[in-house]
Amino acid sequence: MKATGIVVEYNPFHNGHKLHLNKARELTQADVVIAVMSGSFVQRGEPAIIPKWERAKMALSAGVDMVVELPVSFATQHATIFAEEAVRILDAIHIDTLFFGSEHGVAEDFTFAAKKVVENEARFDEAIQLALVDKKTSYARAYTEAFKKLFGQNLLDITKPNNILGFHYALAVQKQNPSISLQTIPREHAGYHDEEASHDQIASATAIRKLILAGKLEEASHYLPASSIDILRNYEGPFLSWTDYWSFLQYRLIQASTEELEGIRGVSEGIQNRMQQAATKAQNFSDFIELTKTKRYSNARLQRTALQILLNAKSKASSPYIRILGMNKTGQKYLSLHKKNISLPIVTTVSKAPPGLLEEELRATNIYTLVKKLENYQAGDFHIPPILTL
């Protein structure tokens, strides 16, 4: 069976995702499409708008054959680690092709750039460190400057969010298994971070979340496939954002010692001091980010760091594993064919997982479900089985 892998968040699953999924199957001639999906919290350092099980239902209803959870210790980190670990899982499942959307739209350029960076890794790292000498330069900007020095201005614009992820997927493939082929399609109609819906049927997940959180589900439904609309209408819990977790974060920052925060993943250069000061002044999470940010720290990096503090995530990340959230008959057939040759631990029943393997994931789910009206999902990692569909 020919397998295509995709890396997703489906926060929520919308028409743009449906287009991407259909193209992934069509252009790669895949027998099975496997999605590695973020769980309770996502890469920008935010809570997912609805629980991972509801989003897995959306994926399966739309035609994904297998949904595998990207562990929270990787799903909530910067693009390098996010991509490396997603590719590690997909490689372990033996995909043939990695398919992604990008602003650039030419897979060969991603592969070329990744090969050159691997071949010139020492020089590339040196250029990054040189750019970081300026204390006001963020790591993302330093990375972009080093990339431009190596390739010039025209090969890839890695300031674009999907291009940078695509580049890191290509880099991970080159380092882990260059036999995996890459395919990409140009992202159309809506930019990744666009906050307003401006196209008849396609809008960014950011714009769709904004509508849903404002109580405009019917308006948001113009940009969602019917299966996603049904799941959202039947969902009985709250639609979530940082607003729901602000008081928990504020408490953590106020009660924790500076030394304790220094041991949290992503905390460096004294950022915990700014965060602790901001926590005593901010009225809400948006205020907190405004009070904390500097030229060196992007909003996304601050959100990720705040999330690691909320989750009490220690510097050492968990080991990778394959956690099945759901699959259809095709996905089940594929898993049964390859199960013996998969090198990572496969988790379908959490209570039977190796001790400690899912510790960070379980804690993240418990914190995610502290919000009212999520009682049905509390300890869900234990009592909600993988979704199996026909």
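Cβ atoms here come from the backbone N, Cα and C positions, even for glycine.
As written in Swiss-Prot, here are the features:
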BINDING   7-20, G101, N162, R187  ATP binding site
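Here the features listed in Swiss-Prot are painted onto the structure.
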residue: V7; record: ATP binding site; CB count, 10 Å: 24
residue: Y10; record: ATP binding site; CB count, 10 Å: 27
residue: F13; record: ATP binding site; CB count, 10 Å: 31
residue: G16; record: ATP binding site; CB count, 10 Å: 22
residue: L19; record: ATP binding site; CB count, 10 Å: 18
residue: N162; record: ATP binding site; CB count, 10 Å: 18
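The DSSP secondary structure for V7 (ATP binding site) is strand.
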